[in-house]
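Student: Before I ask anything, let me first share the structure, which is written out below as structure tokens.
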Amino acid sequence: MVMHQKILILDFGSQYTQLIARRVRESNAYCEIHPFDISSQFIGNFAPAGIILSGGPASVAENETPRAPQIVFELGVPVMGICYGMQTMAAQLGGSVENSKVREFGYAELQVKNLAGLLQDIHDRTDASRQKLLDVWMSHGDSVNTLPPGFQVMASNPATPLAAIADGARRFYGMQFHPEVTHTPQGKAIIDRFVHEICGLAYDWNMPDYLEEMVGRIRSEVGPDEVILGLSGGVDSSVAAALIHRAIGKQLTCVFVDNGLLRLNEAEQVMDTFSRNLGVKVIHVDASEEFLGHLQGITDPEAKRRIIGREFVEVFQREAAKIANARWLAQGTIYPDVIESAGAKTKKANTIKSHHNVGGLPETLHLKLLEPLRELFKDEVRELGLTLGLPHDMVFRHPFPGPGLGVRILGEVKREYAELLRRADAIFIEELRNAGWYEKTSQAFAVFLPVKSVGVMGDGRTYDFVVALRAVQTEDFMTARWAELPYALLARISSRIVNEVRGINRVVYDISGKPPATIEWE
């Protein structure tokens, strides 16, 4: 097995921490995110080639705020602190931090000193006096006001005189700005230099090698045992299934549960791709009557999610019991899920929506867990899917909620509503593809509204249902903006839906961003 050198990212609670990891991975190097208070023993055993301290919402100027484990500064490896990470490094190494008189949030211009090391020859332009200037993104209320012993200033501006600092001998670097965000144009170059030139990592994190490595790892871990996987047709479970099948072939059995709440022709597409084209063993269970029966009369979104999740567990457990030698349960867990689960153990957060996942399966199954995608971000999962030979349309399909159309039908779920919605949704997606807008949007779907409106078709009055169309663009799904689809495209979609889907006579377009709205309606 290939042993990659790796970067350790310690998370102090920044909204940008995952972006740091994305930038490191994009530079063809491996990294992992762990909480700032991870044990010194773990850090020593992890044996990082370099460490990045993330930003965070706390203030170093206050007592009882997070600090980096002291071992970080004793391992002899390069350390890069970003925003809060820079501040705690400076404070822990003998400098001081204070609340800034002038806070900086947004664009800033820095003057770069011509020091050897991290920022050498990295700049956006020079001014008339040949001073090198760097455009960056700031987001801070505190600043380092006294350098720790051994440090020098790398970059500054009038508002933040110590905007970037360095101890070249120990290879410790701090930046008050955020190199990981796209608003810092030279950010990728800065991270690339830290990872490869300063920490010495090779450019050895690539998908073909990772695929070969994971196939070997799965074979070694599973041995002769049988594996079962709940196949949803979504990107994550599909790529997990293809990867595991590449490794162990017929030892994998997938269970595909049709809950009656899938998209148009989805069951047939999944079976065609996996069973007939890839040769994966798939058990197709039509449980639509069970699911729809238990949803009768239920209007609360959370209650619907719980029922759908519970029914899935019962159906999956029933099918799993029929597979005699199954010892492993495979899941399409990806790295953001792992990070968020770890963060949930130490951070309080309000539940906006519960998430339906195979992870809710009961321990009575007595199966060991196999999560071959748990080291990958979503874009890496898609890249792996293409490397495995999955169809482009499947790999780049928009996200689909675990409860399916159950949370895109407002209020009570009925078979009639599901039929109307899946046909309207299919027209919407088909027209987006035809117009070249599908891949310009991050998620697009139709929502069924259980209200009727008056309409006129021909010479007659109609009184039929309403659907809403939703299309958003986003980098991370934490925030999103509504997609400004051309009016002519919206008109064509609306015309087709009201003419081709009998029972719908009105189409509206959702122009709400996130926040304040969520992407899904329920």
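Including glycine, each Cβ sits where the backbone N, Cα and C put it.
Feature list, courtesy of Swiss-Prot:
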type	residues	note
ACT_SITE	Cys83	active site, nucleophile
ACT_SITE	His178	active site
ACT_SITE	Glu180	active site
BINDING	Ser232, Gly233, Gly234, Val235, Asp236, Ser237, Ser238	ATP binding site
DOMAIN	6-204	domain 'Glutamine amidotransferase type-1'
DOMAIN	205-397	domain 'GMPS ATP-PPase'
Student: What other residues of this chain sit with their CB within 8 A of the center of the CB atoms of Ser232, Gly233, Gly234, Val235, Asp236, Ser237, Ser238, the recorded ATP site?
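Tutor: Here the non-site neighbours turn out to be Leu231, Val239, Ala240, Gly332.
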Student: So what's the mean pLDDT when you look at the domain 'GMPS ATP-PPase' (205-397)?
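Tutor: For the domain 'GMPS ATP-PPase' (205-397), the model's average pLDDT rounds to 85.
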Student: Compared by Cα position, which of the recorded positions Cys83, Ser237, Ser238 is the closest one to His178 (active site)?
Tutor: Cys83
Student: Rounded to the nearest Å, what's the C-alpha distance separating Glu180 (active site) and Ser238 (ATP binding site)? Just drop the number here, would you?
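Tutor: About 30 Å separate the Cα atoms of these two residues.
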Student: In the structure shown, which of the binding-site residues Ser232, Ser237, Ser238 has the fewest other Cβ atoms within 10 Å?
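Tutor: Selected from the binding-site residues Ser232, Ser237, Ser238 on minimum Cβ neighbours within 10 Å: Ser237.
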Student: What are the sequence-distant neighbours of Asp236 (ATP binding site), meaning same chain, six or more residues apart, C-beta distance under 8 angstroms?
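Tutor: Asp236 (ATP binding site) has long-range Cβ partners Gly332, Thr333, Ile334, Leu373, Val381.
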Student: Quick one: pull the CA-CA distance for Gly233 (ATP binding site) versus Cys83 (active site, nucleophile), whole Å only.
Tutor: 40
Student: Sorry to bug you, but what's the C-alpha spacing from the residue listed as 'active site, nucleophile' to Val235 (ATP binding site), rounded to the closest Å?
Tutor: 35
Student: Compile a sequence-ordered list of residues in the same chain as Gly234 (ATP binding site), six or more apart from it, whose Cβ lies below 8 A from its Cβ; state 'none' when nothing qualifies.
Tutor: Gly332, Arg397, Pro399, Phe400
Student: Enter the number of other CB atoms within 10 angstroms of the CB of His178 (active site).
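Tutor: Here the count is 23.
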Student: Where Ser237 (ATP binding site) and the residue listed as 'active site, nucleophile' are concerned, what is their Cα separation in Å, rounded?
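Tutor: Roughly 36 Å, rounded to the nearest whole number.
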Student: Give me the non-local Cβ neighbours of Cys83 (active site, nucleophile): same chain, 6+ apart in sequence, Cβ-Cβ under 8 Å, ordered along the sequence.
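Tutor: Listed in sequence order: Ser14, Ser54, Gly55, Gly56, Ser139, His140, Met175, Gln176, Phe177, His178.
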